[in-house]
Each structure stands twice: as structure tokens, then as C-alpha cells.
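A.B. asks: Marked as active site by Swiss-Prot on the basis of sequence analysis: Lys10, Asp136. The ATP binding site annotation in Swiss-Prot covers Pro94, Val95, Ala96, Ala97, Gly98, Leu99, Ala100, Gly101, Gly102, Ser103, Ser104 and is backed by sequence analysis.
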Amino acid sequence: MEIIERAPAKINLGLDVLHKRVDGYHEVESIFASVDLADHLTFENLEEDIIRIETDSSFLPVDRRNHVYQAVDLLKRTYNIHKGIKIYIEKRIPVAAGLAGGSSDCAAALRGLNKLWNLGLTMDELCEIGSQIGMDVPYCLRGGTAFANGRGEKIEALPTMPQCWIVLVKPRISVSTSTVFNDLAVDELHHPDIAGLRIAIENGDYTGMTQTVGNALESVTIARHPIVQQIKDRMLKYGADAALMSGSGPTVFALCEKKTRAQRIYNGLKGFCEEVYLVRTLK
């Protein structure tokens with residue numbers, strides 16, 4: 001038996017950092033949305049009790065560093081499963097891009113194995129397992145548009161964000177999330193209006209949404225990587241309704257109500273960066 005699971009990318013429409021917690025993590029508020037750029041995972045049972053991860057990406061590890069491997073291993077140990085599995089990851093989401101590609105692959109692995117092995121786990125149980133691997137995994141299991149707080153692990157579903165076209169651009173740099181958080185001074189950050197953004201989304205107000213998107217981490221990443229600001233400026237020059245860095249970066253996205261504008265931005269950035277994608281939101 002072979003099954004296939006999609007693993008959609010996600011963007012941060014809003015991200016605020018409130019303070020550093022006593023446990024060393026930062027208290028955050030964020031609004032996520034799934035987009036139709038996705039990896040695909042194919043699952044196949046093996047007779048030998050091994051975990052085999054394969055992929056078409058040369059940038060992706062296939063050992064214990066891979067979130068998919070970790071998901072399989074955790075399920076096998078937690079539920080005393082003695083079965084072998086081969087998972088092939090068809091990679092379409094850029095690696096280390098701030099689009100939760102690894103977390104979404106992990107979520108797809110948990111969903112797929114729950115079906116393939118007839119585990120009968122509820123969504124809450126899958127989220128509990130996923131949270132042990134990464135804080136974005138519970139969101140990626142549910143997908144859609146959602147509000148997150150705490151360390152990012154507390155998820156509340158929202159209505160699907162107003163439909164629009166999205167241009168994703170990943171520059172040829174890597175950004176360390178831990179470095180960004182270590183560099184930030186919470187008192188000096190620009191704090192976006194997450195409450196206003198949430199209201200706009202709940203009301204289906206596209207204009208209100210574009211006016212309230214914001215990312216408190218942008219200034220920190222831009223200080224180290226000015227190309228992020230250059231991409232934003234180009235997007236706005238070509239007619240984006242809004243442009244924002246996703247997560248800790250380096251990917252930047254543009255929101256466009258009209259496909260013609262999105263296509264213009266796509267064409268204008270294609271020569272500036274290699275990895276440019278024209279996508280839509282997912283429900």
C-alpha cells in the first residue's frame with residue numbers, strides 16, 4: 001500500500017514578540033496562513049524494520065536531523081511499532097526559508113503514518129506528538145489561517161484569510177532563527193497590530209489586512225541582511241498591496257488582489273532572485 005500526503009508552506013501575516021519568558025523562550029503572537037506551494041510525501045511499507053528517508057533535494061538531510069525521520073522514530077518508540085517505512089520527500093518548498101517546510105513535512109509524516117499504520121490517533125494526539133519535534137508542527141497539522149501565541153504552540157483557528165495572490169521570494173542567504181532572537185531587543189522593536197490584523201481577517205477585509213500585516217523580527221534580520229529590504233522595496237515598486245518578511249526570514253512575500261500585479265512582481269523579481277513563486281492561499 002502506498003499513500004501520498006501534501007505538506008503546504010505557511011507564511012506569517014503577523015508576528016510580534018512580547019517578552020522573554022522565564023523558560024528562556026520568547027512569548028509571541030502570530031497569525032499564520034497556508035499557501036499552495038507544497039512538498040509531497042510518498043509512504044511505502046518495508047518488510048525490514050528500518051526508517052528510510054529519500055528526497056530529490058540535495059540540501060535536505062535524510063538521517064536523524066530530518067524532522068520526518070524524527071516523527072517516524074517518535075511514533076515507533078511511543079506506540080511500540082516494529083514496522084519498516086520508506087518515505088520519499090518531493091521537495092518544492094525552499095529549505096531554511098522561514099516557510100515551515102521542515103515542520104510541514106513532519107506534520108505530513110504524522111498524518112500519513114496515522115493512516116498507513118491504522119493508529120487511530122486524534123488530531124489533538126498528533127499535535128501533542130508533533131509539539132515534541134517542533135513548535136510549528138501543531139499548526140502545520142491543522143493548516144489554514146490561525147492565531148498562535150505562547151511559544152507559538154497554542155493554536156486557534158481563524159476564518160480563511162481573504163483570497164489573494166502571493167509572490168514568495170527567497171534570496172540566496174540563510175538566516176538562523178536563534179541568532180535573530182538572540183539579537184533582538186524587545187523594547188526597541190516595532191510591534192505590529194496583531195489584534196487589528198485578526199479583526200480584518202475575521203471580517204474578510206482585504207484592505208484592512210494589507211494595512212495591518214507586520215513582523216517584529218524584520219528590522220533585526222534586515223540589519224544583518226539588507227537584501228530583505230531590497231526585495232520588499234521592489235515588490236512595492238511593482239505594485240504589491242503589502243510586502244513582508246515571513247517568520248525570521250529570509251523569504252519575503254507580496255500580497256496582491258489582482259493577478260496581473262502579482263505576475264508583474266513575479267516577473268520583476270525573477271531576474272533578481274532565483275527562487276520566486278506565484279501562489280495562492282489555502283482554506
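For all residues, glycine too, the Cβ spot is worked out from N, Cα and C.
On this model, are these features tucked inside or out on the surface, and what's nearby?
C.D. replies: Annotation note: Lys10 (active site) sits in a strand segment as assigned by DSSP. Spatially close to Lys10 (active site) yet at least six residues away along the chain are Phe32, Ala33, Ser34, Val35, Leu99, Ala100, Ser104, Asp136, Tyr139, Cys140, Gly143, judged by Cβ distances under 8 angstroms.
In this structure, Asp136 (active site) belongs to neither helix nor strand by DSSP; it is coil.
If you take the C-beta of Gly98 (ATP binding site) and look for same-chain residues 6 or more apart in sequence within under 8 angstroms, you find Asn12, Val175, Thr177, Met245, Ser246, Gly247, Ser248, Gly249, Pro250, Thr251.
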A.B. asks: So which of the binding-site residues is most packed in, judged by how many other Cβ atoms lie within 10 Å of its Cβ, out of Pro94, Gly102?
C.D. replies: Gly102
A.B. asks: Long-range neighbours only, meaning 6 or more apart in sequence with Cβ under 8 Å: which ones does Ala96 (ATP binding site) have?
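C.D. replies: Spatial neighbours, sequence-distant, of Ala96 (ATP binding site): Phe59, Ser174, Val175.
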A.B. asks: Taking 10 A as the limit, how many CB atoms besides its own sit near the CB of Asp136 (active site)?
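C.D. replies: There are 27 such Cβ atoms around Asp136 (active site).
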A.B. asks: Using the centroid of the Cβ atoms of Pro94, Val95, Ala96, Ala97, Gly98, Leu99, Ala100, Gly101, Gly102, Ser103, Ser104 as reference, list every other same-chain residue with Cβ within 8 Å of it (recorded ATP site), in sequence order.
C.D. replies: Ala9, Ile93
